Structures are given as C-alpha cells and as structure tokens.
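A.B. asks: Here you go, one structure.
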C-alpha cells in the first residue's frame, strides 16, 4: 500500500513546490536599509514573466513616481531594462531605464528606443528622470528611479533582460517570455494588465510541462499507476500546446 502511494506523494510534493515558488509576491520583499532611494514604496505588482517585480510610490502633488524595478535570479553578465511607452504598447517608442554591471560597478542610464534591434544607446527621454541608480546583490538586479509623469497615471510598461557582449548590451532573446513582457500599469489605483495569455504561459511552462515530463519518466515504472501516468502526461502536455 505504501509503495503504491509513493509516486502519488512524489508528484504531489513536486506540484506543491512549484505552486509555492510561484506564489511568492512582491509584498513580502524587504529592501535593504541602504538602498539608493530612501523611499517607502507603497504599491507593487508581480510581473508575470522574467522573474520581475515593480514597486512604486506615487506623489499626486508633484506627479512624480518613485519606482524600483527588480529582476531576480540574474547574473552579472546580463542587462535589465524597464520602460514606459508614451505612445503605444510594445518596445518601439519606449523610454527605457537600463542597468548592468560594468567593471564591478553598476551603471544606470536612460535610453529612448526608436526601432527594433536597438543597442540601448544612452540618450534623453521624453520625460524627466531626476534620479536614477541601480544595485546588484544576491543575484538580484534593481533599478531605482524617480519619474516625472506628464499626463495620465496609466502607462504602457515594458520590461526586458538580455546578455552583455564585451561589456555592452546586445539584443535580447525572442523566447515567449521576452515577447510577452509588456502591459499597462496605473500608478494611482495600482491596477495592471499584462494579458491572460501571459499568465497562462507561465503556468504552462513553469508547472504543467515539468509535471507531464515527470509523470512520463517516473510514474510509468509503477504498475499501480498504469494507466494513470499516461493520462497525467497527456492532459498536461495537451494544455501546454493548446
């Protein structure tokens, strides 16, 4: 009886672990006391792809918003960027904040993106950025900035990451997560929208795909799990490719 339950317990624990990891939210994060921007961020959103989070505090009197864009599980050979697109959704036309490590020190600058295949060249944005710094600690890269909003508190946001080559940012991957890293954000209400498809993609790649693979690899050897392992495998993979 115990032997027959082992595969079930194994896959249950595996699924629970993935759900626990995916349930971690920005609200549990504590910024170090020596962070570059002495701001108590009052709002935050978990971005659905690229291990990213956006924290902010909006000041209605000055129409300024203090932000911290965090990218976790990243190494020093990568760059990160968070941007506002004032005119449309997507990368082209975005006004970006870029950060990466160079010669052991973090560098942060602004970069207007006028076309696809950009090299993220430094330049002035269409809105003011009075403060801009970045940090890198424990495989977590963060951009701290103060942004002067011009009109609406609702913005089109884009976030991205990619490799460095000879210490210079190069083009990012075209994997599904990189193509879906965009949405809208309201700094006043805190509401955001990144699309249902992006959320489903995270569930499919992060949970269902591994569960289906494990079912096919490990559960099929147990006679007591035949044909249950096959149905688990088919259902999870069918959802993934739907």
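The backbone N, Cα and C atoms fix where each Cβ goes, glycine too.
As the structure is a computational prediction, the values presented were derived from the model and not from experiment.
According to TrEMBL, the protein carries these features:
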type	residues	note
SIGNAL	1-23	signal peptide
DOMAIN	50-178	domain 'DOMON'
DOMAIN	168-242	domain 'Cytochrome b561'
BINDING	197, 233	heme b binding site
A.B. asks: So, by DSSP, how many helix, strand and coil residues make up the domain 'DOMON' (50-178)?
C.D. replies: 3 helix, 71 strand, 55 coil
A.B. asks: Tell me, roughly as an integer, the mean pLDDT over the domain 'DOMON' (50-178).
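C.D. replies: Reported value for the domain 'DOMON' (50-178) is a mean pLDDT of 94.
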